[in-house]
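Here's what Swiss-Prot has on this protein:
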- 1-34: signal peptide (SIGNAL)
- Asn84: N-linked glycosylation site (CARBOHYD)
- His137, Asp169, Asp230: Zn(2+) 2 binding site (BINDING)
- Asp139: active site (ACT_SITE)
- Asp169, Glu204, His477: Zn(2+) 1 binding site (BINDING)
- Glu203: active site, proton acceptor (ACT_SITE)
- Asn261: N-linked glycosylation site (CARBOHYD)
- Asn455: N-linked glycosylation site (CARBOHYD)
Amino acid sequence: MAGGCGRRRVVVCAVALGLSAAVLALTAVVLLRAYVLRSPAIPRLWARRGSTAAFSASERRELKEALRGAVRIPTVSLSSEDFNTTAMAEFGDYIRKAFPAVFSSKFIQHEIIGEYSHLFTVQGSDSEMMPYMLLAHMDVVPAPPEGWDFPPFSAAEHEGFIYGRGTLDNKNSAIGILQALEFLLRRNYRPRRSFYVGIGHDEEVFGQKGALKIAALLESRGVKLSFLLDEGSAILDGIIAGVKKPVALIAVTEKGLMTLNFTVEKEPGHSSFPPKETSIGILATAVSRLEQNPMRSLFGRGPELMTMEHLASEFNFPLNLIMSNLWLFSPIVSRVLAWKPSTNALIRTTTAVTMFNAGIKFNVIPPSARATVNFRIHSGEKAKEVLETVRNTVADDRVKIDVIEALDPLPISPWDDQTFGVHVFQRTILDTFPNVDSVVPGTCIGNTDSRHFTNVTNAIYRFNPVLLKSDDLPRIHGLNERISVESYEKQVEFLFQLIKNCDVDKLPEPHANSHEL
C-alpha cells in the first residue's frame, strides 16, 4: 500500500514538473517573440532624413487654391450611365489651366480616355528602369447641402480646413499628383524612371468607362508596372486602440463585393383573413437569419494578421505580448475585434441589409416583398463561397436570391524586404511625416479603381497620404467632408518626394538603426 502511494506521488510530481516545464517553455517563447518583434518585420533601409520638399509661401498658396478650384466643380457620378458630363469636361479644362508645365512638357504625353478620364505618360530619362503608376479619380458621390456647415461645392476655407465634397475622396490625390509634378518641372527636374498618372472619372460607380479602359490600354501596349499606388488607407491618428502614435496603414488588398436581391412572392389578399405567413414575414425571417448568423471569422487568413504583428511593438503591455504571439492568442483577439463594427469588418465578410420594400396598403396582404443585402468579402474567401453560405443560412426555397453584382477580393500584394515599392513608401512616409514611426500593411474595406490593373502589376497599394482622426472617417461620403490645409500641403510634399525617391535604381543595404521603426 505504501509502495503504491509512493509510486503515485512520483507520477504526480513528474506530471507537475512536466507541466511546469511546458508553461516555462511557453512563457519563454511568448517573451522571445515579443522581444524579436520590437524590430520591424521589414528592416529600415533608409536613414530618416527629416526634411524633404521646401515649398515657398507662394507655392503653398497656389497648391491650396488649385485644390479649392477643383472642389468647386461638381463632378458627381450617380451611376455608370448618370454623371455630370459638363462638370467632367470642365475639370479637364481646369487642370490644363492650373498645371501649365505638365501640359507643355516635351516628355509628358497626355491622353483622354473614355471621353473624360486622363492618362499622363511621363517619359523618364532611363528606359531600363521599370515604370510605376499613380492613380486617382475626379468624380465624387452626391452631396445634398442639408446638414453641411458650408455648401459642399463651395470649397470654403474655415479655421485651417477646406470644406467640400472630394477634399478627401479623391480630388486631393488627383490634384495633389499633378501639383507635385508641376513643382518638380518648375525646378527643371526630369525623372529617371518613367511613370503613369491616371485620373478616372467614374470610380464611384466601379470605373468601367475610365480606369478599366486606361488599364486595358496599358495592357495592349505591353506595359508592366513596378507598382501602382491608388487611394485607400491613410495615416491613422488615435484610431487604432492601444496605439498612441500615428500609423501609416498601406492597404495591400481590398475586400470583394457582392449585392444580392431577395424576393418573396405570395398571393395577395385582404388583411381581415391573412395566411399563416405573408411575403413580408417570410422575407423578414430570411433577413433575420442572415443578421443573426454572421459570416465566420477569417482572422489570420488576410493581411490583418500582418497588421497586428507589424504594430506589436507600438502597443503597451500586455497588448504587445498578445500581438507578438497571435499564433497563441488569435482566438481571443478575433473575438475582441468582433465587438466593434469598424474592426469586425477586418476579420470577416460583412452582411448589411440596405433596402427593404414591401406593402401597398395597410389592409392588403402584399403580393411580394423585396430586400437588398450588401456583402463586403474578406480576402480569405470568394463571392461563390459567400453565396453558398447565404443560401444555406436562409434555407428557404420560397426566397428567390438574385446576384446583382459580385467582385472577388483582390490578391494580396507583396510586402517584404525585396519589394521596391514598399521601401519607397516607407522612406517617403518617414521623411515627410516625422511623427510616424510605423508603416504597416492592411486591408482596404472599400473598392477602388486599382482592381482593374491586376494584368499590369501584382504590386497594388492603396494609400492616401493624409492624417485622419476618428471624427474624419464619417466625413468621407458624409457631411462636412474636409481636409486641413496643412495635411494637404503634406500630401503634395509626399508625392513630390515619392517621385524623386522612385528614381533610385536599387535598394541600399539595411540601415544600422533598423530597430528604430
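Note that Cβ sites are derived from N, Cα and C of the backbone, with glycine treated the same way.
Taken residue by residue with DSSP, Asn455 (N-linked glycosylation site) is part of neither helix nor strand, so it is coil. Cα separation, the residue listed as 'active site' to Glu204 (Zn(2+) 1 binding site), rounded: 7 Å. In the three-state DSSP assignment, the secondary structure recorded for His137 (Zn(2+) 2 binding site) is strand. A sphere of 10 angstroms centred on the C-beta of Asp139 (active site) encloses 29 other C-beta atoms.
Counting only same-chain residues at least 6 apart in sequence, those with a Cβ under 8 Å from the Cβ of Glu204 (Zn(2+) 1 binding site) are Ser77, His137, Asp139, Val140, Val141. Taking the mean position of the Cβ atoms of Asp169, Glu204, His477 as the Zn(2+) 1 site, the remaining same-chain residues with a Cβ inside 8 Å of that point are Val140, Val141, Asn170, Ile476. The secondary structure of Asp230 (Zn(2+) 2 binding site), as reduced to three states from DSSP, is extended strand.
Within 10 Å of His477 (Zn(2+) 1 binding site), counting C-alpha to C-alpha distances, fall the following of the recorded positions Asn84, Asp169, Glu203, Asp230, Asn261, Asn455: Asp169. Taking the centre of the Cβ atoms of His137, Asp169, Asp230 as the Zn(2+) 2 site, the nearby residues of that chain (Cβ within 8 Å, site residues left out) are Leu135, Ala136, Asn170, Ser173, Ala174, Gly200, Glu203, Glu231, Thr448, Asp449, Asn464. In terms of C-alpha distance, the listed recorded positions Asp169, Glu203, Asp230, Asn261 place Asp230 closest to Asn455 (N-linked glycosylation site).
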